[in-house]
Amino acid sequence: SGCSPCPPPPPAAAPLPPPPRRLRPFNTLDPLPSSDPDPPCEGSRSPRKKWQVFPGRNRFYCDGRIMMARQTGVFYLTLVLILLTCGLFFTFDCPFLASNLTPAIPAVGGVLFIFVMGMLFRASFSDPGILPRATPDEAADLERQIDSAGCSRPPPRTREVLINGQAVKLKYCFTCKIFRPPRASHCSLCDNCVERFDHHCPWVGNCVGRRNYRFFYLFILSLSLLTVFIFAFVITHVILNPSQSLTLLCTVLEVVVCFFSIWSIVGLSGFHTYLISSNQTTNEDIKGSWSTKRGKDNYNPYSYGNILTNCCAALCGPLPPSLIDRRGLIQSGTPQTVSQSNGTSNSSYASTQLHSNMVGEGRRHTARY
Amino acid sequence: MFIFFYLLYICLKLICIRVNSLCRPTAYRTSSNQLCSSKVFIQRDYSSGTICKFQTKFPSELESRIDEQQFEETIQTLNNLYAEAEKLGGKSYLEGCLASLTAYTIFLCMETHYEKVLKKIARYIKDQNEKIYAPRGLLLTDPIERGLRVVEITIFEDRSIGSGR
């Protein structure tokens, strides 16, 4: 209530503190030098991009176009396994199969391989649906609302909402200072709240959430097809042409990788097919949120009622844009997120905000990533 | 000669400093007008699920500034636009299928339906600000700038302090 008085003007130097060194980009994948990474001196600062001051534990590459979790070791293992197995298949088995059976085999294998890699990269490198943290003003407003809600200590940090007749509790996230939307969850590994959080997948090196669930699902589905495909044709090759030791060694390696992969990946595909058809997330299924064991009247309020609509919604529904605007430029005067708050209030820029659409201008079309 | 250029340099520097001080935003000047602001946040309405929808409840801080009906109309139009962006139907399924067949490379060339509607929303908000909200000393912030969490309305108060300092 009441009007906040104007603070004294900010110092002449740029208002933002330089980001900690560990947030500096790993520009190993970027062939062209992007905008000047190190500000040469205080006087001539090039504008920083938002990914450089992102508060979560993510890594950014290619000037913010690519984002992943912090631990990416298992992702490289996934890459190596897929590339190695496919490489051996195309080098040692395909020549024989193409000449003796049909050239369609390496062609189909090639298409499947490209699709698998495409989906893997898309699932790994895109924003899973991270919710940006609250601005200081928002956080303060929420705190006021929570504290004024009751005299009891501690004040309630949940809100109950009725969704399609089912009571759902919205929890307050202490890190992000927001009430999490339904189905959102905070990933402790990435330190972000993610919309429609499914799980954090180390194999993919990223969280799986609203924006990349379909890529993840298509990846595991196509990978199971590819694995079965390779397994079947490697066995065919061995049966039709028992061969020398080197090819036999490669064949054994392929068969072993495929055999174990089939059990795990096909199983996972089946599980996610069930989740999609019932419109649940892994998180909800594990917790048993909509299980009838919790109560007779417990049901999933998000399900559309029939399997086809659920599947279409999950796989073919509209793809929401990224909410974090990684590659946008940081405008001096835009409110920084809570963890970066340094006392700069934007009320002193009131008159410029009225007349310029700078907040809208700062947003780039790269939101699609 | 050197003295002349040196004096010229000093004069130019003084002029630049003077111009800079004139160019600072209004709020910095120790003048009689001071623009102060407070903010109202319209939260999300989750009663219909996870779709983007904002509460249409009229906040008490805006009572003296704007009609309840006008405000509700703005929020309702925003809700309808977001519903259009997230609508499941033939068009979105077609887009989704086409995208998955091209391994989503098609979005390198064209915008998604959602992005097109977001642009429409940005234009609508700009329009509303120019026509309705700015004349009343209010400013709507596009929810996408706040991660689709809130509609932030900044209330400006022109607090004129007495003459001179």
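Note: Cβ is positioned from N, Cα and C throughout, glycine not excepted.
For A:1-20, the entry in TrEMBL reads compositional bias 'Pro residues'.
According to TrEMBL, the region 'Disordered' annotation covers A:1-48 (among others).
Taken from TrEMBL, the feature transmembrane segment covers A:74-92 (among others).
Residues annotated as transmembrane segment in TrEMBL: A:104-123 (among others). Here the transmembrane segment (A:104-123) has long-range neighbours at 78-79, 82, 86, 89-90, 94, 97-98, 201, 204, 206, 208, 212, 215-216, 218-219, 222-223, 225-226, 229-230, 233, meaning same-chain residues at least 6 beyond its ends whose C-beta is under 8 angstroms from one of its own.
TrEMBL lists A:169-287 with the feature domain 'Palmitoyltransferase DHHC'.
Same-chain residues lying 6 or more positions outside the transmembrane segment (A:215-240) and placing a CB less than 8 Å from one of its CB atoms are 82, 85-86, 89, 93, 96-97, 100-101, 105, 108-109, 112-113, 115-116, 119-120, 122-123, 126, 198, 201, 204, 208, 248, 251, 254-255, 258-259, 261-262, 265-266, 268-269, 272-273, 276, 314-315. The transmembrane segment annotation in TrEMBL covers A:215-240 (among others).
Residues 81, 84-85, 88-89, 91-93, 220, 223-224, 227-228, 230-231, 234-235, 237-238 of the same chain sit 6 or more residues outside the transmembrane segment (A:246-268) yet have a Cβ under 8 Å from a Cβ within it. For A:246-268 (among others), the entry in TrEMBL reads transmembrane segment.
Annotation comment: TrEMBL describes A:333-356 as compositional bias 'Polar residues'.
Under the heading region 'Disordered', TrEMBL lists A:333-369 (among others).
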Which numbers of helix, strand and coil residues does DSSP report for the domain 'Palmitoyltransferase DHHC' (A:169-287)?
67 helix, 19 strand, 33 coil
